[in-house]
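One structure is given below, encoded as structure tokens.
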Amino acid sequence: MSFARALRCRALRSSPEHPINTHYVPAILPNTYSISMTNRPTVRSFTSASSVLFKQSNLAVVGGGAAGFYTAARILAKTTEVNIDIYEKLPTPYGLVRYGVAPDHPEVKNCMGKFDEVAADPRVRLLANVSVGNINGSPVVHGRVSLDLLRKNYDAVVLAYGASRDRKLGIPGEDGQKDRVGVVSAQRFVAWYNGDPGAQDLNVDLESYDRVVIVGHGNVALDCARILLTDPDVLATTDITSSALRVLRKSRIRHVEMVGRRGPLQVAFTTKELREMTKIPDLRIICDSDLVAKQCTSKEGSKYLETSRPLKRMMDLLLKHAVSDLHPAEESAQKTFTLRFLMSPLEMLFEQPKGDDLVAPQVMRFGVNRLEGSPESARAVATGEIAEIPCAMALRSIGYASTPLEGAPFDFKRHIVPNIAGRVVDDKNELVQGLYVAGWLKRGPVGVIATTMQDAYRTADAIVMDLASGNIGQENGTSRSIIDRALSDAGVDKFCVTNRDWKRLENYEFDAGRKLGKPREKVTNVEKMLDIIRNKIH
Ligand code: FAD
Ligand code: NAP
């Protein structure tokens with residue numbers, strides 16, 4: 001079914017219950033209301049949200065990840081008189097829930113069930129494989145619309161396009177040289193094993209040496225370490241891609257060193273994820289236990305731990321499971337996971353000092369630090385001492401970053417869209433009417449799905465409030481038919497993947513997974529996705 005027809009059918013199906021743009025109807029607690037047959041919102045003086053009237057509003061959400069879907073879910077729950085179009089650059093929705101969350105964390109992905117319900121709501125349309133604005137690194141086979149077009153045609157636009165790149169270390173050798181890859185982005189490594197079409201060309205070297213270095217002490221770093229050290233037979237029952245699994249099966253990696261610039265009390269990962277490392281069979285956890293004990297028992301450290309029970313539990317777990325060192329013979333016989341503290345990356349080297357044979361393709365050089373300041377805000381200060389770790393691959397896992405979108409304000413220091421409680425503001429701190437932001441783009445690339453949900457709900461509440469007070473809306477009203485004409489003029493028809501298309505693709509993945517004894521086998525190539533959707537592949 002063509003895009004325009006699919007959209008028409010959807011509109012027709014929804015019309016009896018949700019008349020589109022023909023009159024105003026009550027949406028929240030209809031104590032008092034009147035019905036007008038015009039298309040323009042009437043400005044009324046409302047005393048409270050319990051007596052608000054809505055016209056039929058059309059909203060656009062940019063980004064089909066957790067933030068976009070939770071924002072839509074909340075708005076749908078609070079008002080009936082709204083249509084929501086969710087634009088997603090990939091043919092597949094759900095963002096990091098699909099392409100970030102680790103394959104061995106299937107329970108975390110249960111939120112997809114909620115998102116499925118949202119996508120199936122007759123007031124919602126998924127417009128996947130359509131990017132808003134120019135985006136780097138996305139597959140070429142997609143439609144594109146400008147933010148300007150959305151702002152002209154919808155009553156409000158919610159930016160929820162996440163953080164699609166990562167932060168760099170800014171050290172010499174990071175970008176590699178000749179045939180050496182340098183420092184690999186953990187963001188891309190995660191996207192690679194999770195089947196993101198944009199990361200399938202990643203150069204993953206797990207064979208030329210037995211050690212990987214990961215810079216950063218966050219949960220993404222721990223995810224990478226766990227995937228590298230887990231038995232591939234265990235991963236084979238997850239939704240990790242078969243192509244990643246093939247590479248992991250050939251991996252020689254037995255040692256992962258996760259390096260942080262500060263100390264044990266400043267790690268950013270969480271206890272549950274550290275505990276998972278302790279459960280990997282035949283894996284020894286190594287760290288400087290003396291340093292951990294010293295920091296935990298120092299006057300300031302013990303006071304700090306009294307204020308944070310989760311951190312205290314984590315330090316206890318570390319002290320219980322970690323050994324300070326292994327005898328070289330022991331180490332060569334075991335898989336190891338080493339947590340190194342107080343080291344900042346300085347340089348990626350591709351040659352050993354004169355006279356030494358190059359045993360690994362590359363060596364990461366670090367400067368050793370000491371800490372200054374109280375535990376909650378300790379700063380790393382260089383001591384001048386140097387340490388080196390040879391490795392097959394070095395991953396940087398020091399956080400994700402959002403990028404600006406043409407036509408929207410952007411805070412280049414914090415890498416977010418500036419906002420007040422989800423309402424976008426410009427560089428003079430003035431509200432940009434009809435523009436909202438949610439998720440990692442709103443508050444920066446931190447927080448689990450539950451945090452993203454809470455935050456999306458706050459943005460949704462602001463939108464509902466603004467709709468109710470008549471603060472947003474186009475002067476001449478909006479309608480789906482006008483929107484669809486604008487989309488058609490923008491050439492989106494050829495590319496748009498609807499929810500029905502996505503479900504066909506997903507069923508294909510489920511079938512392929514069933515044959516392999518796993519929940520799904522993700523399709524990792526956009527052209528193939530589109531062929532499946534168009535029924536060219538069965
Ligand atoms: P995203 O999920 O990134 O969604 C943004 C969406 O916008 C994407 O689908 C993207 O394709 C789309 N998009 C981008 N640009 C455009 C554009 N120009 N036009 C249209 N669409 C666009 N949390 C947990 O609770 N448990 C976990 O186990 C967990 N694991 C994680 C593992 C990793 C590796 C990472 C990075 C995060 C993890 N999180 C986890 C955190 C969780 O994933 C985030 O809180 C949440 O996904 C953020 O949602 P978001 O919608 O802001 O961003
Ligand atoms: P993060 O939690 O912010 O951790 C980033 C790490 O990088 C910190 O240890 C930080 O150290 C370090 N770092 C930053 N800049 C550095 C530099 N220039 N040099 C050296 N180290 C540097 O980020 P993340 O791991 O990407 O995770 C993002 C979010 O997703 C987090 O909220 C996380 O909890 C969530 N997530 C959750 C799960 C899960 O629930 N299982 C899994 C993955 C991700 P400093 O503290 O010294 O800055």
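Here the Cβ of each residue, glycine as well, is placed from N, Cα and C on the backbone.
Positions annotated as FAD binding site by TrEMBL: Ala67, Glu88, Leu96, Val132, Trp440, Gly447, Val448, Ile449. Annotation comment: TrEMBL describes His217, Gly218, Asn219, Val220, Arg261, Arg262, Glu273, Gly447 as NADP(+) binding site. The feature domain 'FAD/NAD(P)-binding' is assigned by TrEMBL to 58-228.
Recorded features from TrEMBL, shown on the structure.
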{"residue": "Ala67", "record": "FAD binding site", "DSSP class": "helix"}
{"residue": "Glu88", "record": "FAD binding site", "DSSP class": "strand"}
{"residue": "Leu96", "record": "FAD binding site", "DSSP class": "helix"}
{"residue": "His217", "record": "NADP(+) binding site", "DSSP class": "coil"}
{"residue": "Arg261", "record": "NADP(+) binding site", "DSSP class": "coil"}
{"residue": "Trp440", "record": "FAD binding site", "DSSP class": "helix"}
{"residue": "Ile449", "record": "FAD binding site", "DSSP class": "helix"}
* Going through the binding-site residues Val132, His217, Val220, Arg262 in sequence order, which have a CB under 6 Å from an atom of ligand 2? -> His217, Val220, Arg262
* What residues, ordered by sequence, lie under 8 A Cβ-to-Cβ from Arg262 (NADP(+) binding site) and sit at least six positions away in the same chain? -> His217, Phe341, Leu342, Asn369, Leu371, Ala378, Ala380
* Asked: How big is the Cα-to-Cα gap, in Å, between Glu88 (FAD binding site) and Arg261 (NADP(+) binding site)?
  -> 36
* Can you tell which of the binding-site residues (Glu88, Glu273) has the fewest other C-beta atoms within 10 angstroms of its C-beta? -> Glu273
* Asked: Cβ-Cβ under 8 Å from Val220 (NADP(+) binding site), same chain, 6 or more residues apart: which ones?
  -> Ala186, Gln187, Val190, Ser397
* Between the binding-site residues Ala67, Leu96, Val132, Val448, Ile449, where is the Cβ count within 10 Å the lowest? -> Val448
* Structure fact -> Close to ligand 1, in the sense of Cβ under 6 Å, among His217, Gly218, Arg261, Arg262, Glu273 as binding-site residues, are none
* To do: For the FAD site as recorded (Ala67, Glu88, Leu96, Val132, Trp440, Gly447, Val448, Ile449), determine the largest distance between any two Cα atoms, in Å, rounded to the nearest integer.
  => 25
* **For NADP(+), whose listed binding residues are His217, Gly218, Asn219, Val220, Arg261, Arg262, Glu273, Gly447, the greatest C-alpha pairwise distance in Å** => 21
* Around the Cβ of Arg261 (NADP(+) binding site), how many other Cβ atoms lie within 10 Å? Please give the count over every shown protein chain. => 22
